[in-house]
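Here is what TrEMBL says about this protein:
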TRANSMEM  7-25  transmembrane segment
TRANSMEM  61-81  transmembrane segment
TRANSMEM  107-126  transmembrane segment
TRANSMEM  146-164  transmembrane segment
TRANSMEM  184-203  transmembrane segment
TRANSMEM  224-242  transmembrane segment
Amino acid sequence: GAHVAHAGLMVFWAGAMILFEVSHFVPEKPLYEQGFICMQHLATLGYGIGPGGEITTTVPYFAVGVIHLISSAVLGFGGIYHSLLGPDTLEESFPFFGYDWRDKNKMTTILGIHLILLGGGSLLLVAKAMYIGGVYDTWAPGGGDVRLITTPTLNPIVIFGYVFRSPFGGDGWVVSVNNMEDVIGGHVWVGILCIIGGIWHIFTKPFAWARRAFVWSGEAYLSYSLAAISLMGLTASLYSWYNNTAYPSELYGPTGPEASQAQAFTFLVRDQRLGANVSSAQGPTGLGKYLMRSPSGEIIFGGETMRFWDLRAPWVEPLRGPNGLDINKIKNDIQPWQERRAAEYMTHAPLGSLNSVGGVATEINSVNYVSPRSWLCCSHFFLGFFFLVGH
């Protein structure tokens, strides 16, 4: 009963929150300026969004909200029923649903059922991306669009390469995924592996080493679960802060590195127009003022933003060549949409405390803006940390 009621609370929050966002939605402003966190997730799935990340209709969001509210009422009733009215012990009437915390075989069977459900959920995203209208891809030519992901990456060397790479800098562990083919291919792998693992755990009993290694009690299972959710929460905080493919910047605002690189780009464009030779101008430190070389020899933006030289973003990639930024392209090929995008991102860095007085702390004309990345990263870090402590 408690678990069903808890599911009801979660579903109710999702439905109520998306309806709240729909009722406060202003089409002229980007989602990341409106304090939203739910609408972006539905837009990323390809609902109500068009070229360039523009929200074209809120009808799907309203529908999803209402479906969640109705579902939450059913779950809430189920929670009350099982807590107050239903049989005290299910074992007598429904042996399948009865269990004892010490019953090792039953515990792994329940684990298997959960793994199959998780795998099915993962494959639902694959189906949406490949067959049911596609998903939003920020890297689509012309500035982001909804498209079908027809050829997901299934090469295990690529997919598992993410898991085994370093978490630092441009390596970025799994957070460095930068194309939708790899995202969806990863979900194919996760879905299939979860389902295979689920079948394995349903049809096998724990081996002797596993029986000895684990504590088989309700409190132990809670501890294991909290550890797993902690890892997921900390991973989600990294993802929402750094990744601009699964979390497109048109919807969530720029990442910190992206806003910094956008500022350097904006002033390069301005000063180049005023006659500066951006390829040879020296800054106050003797390094290039606008352009310099990275540790591995690529041409990168100069100044403080040099620390973010491994940023990749759809608005700057067209200006790169085989050796980093292409000076010929910088001098001749910068497009107005790139200037506009960079100016927008420069002024919407994910700074600001969570009391909505966002932007740079020393800015006089203070803006009420807090990036959803700040919210999502901060909240998931704290959730992950407290779950780790609870574990």
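Cβ coordinates are placed from backbone N, Cα and C, and glycine is handled just like the others.
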Practice task
Give the one range among 61-81, 146-164, 184-203, 224-242 whose Cβ atoms make the most pairs under 8 Å with those of the transmembrane segment (107-126).
Solution key: 184-203
Completion exercise
Beyond a gap of at least 6 residues from its ends, the CB atoms lying under 8 Å from the transmembrane segment (224-242) belong to 172-175, 214, 252, 255-257, 350, 372-373, 376-381, 383-385, 387-388, 390-391
Exercise for the section: Quickly jot the same-chain residues contacting the transmembrane segment (184-203) by Cβ under 8 Å, restricted to those at least six beyond its ends, or write none. Expected result: 108-109, 111-123, 125-126, 129-130, 135, 149, 152-156, 158-160, 162, 177
Fill in the blank from the handout: With the cut-off at Cβ under 8 Å and a gap of six or more residues from its ends, the chain residues touching the transmembrane segment (146-164) are 46, 49-50, 126, 129-131, 133-137, 140, 173-174, 176-177, 179-182, 184-189
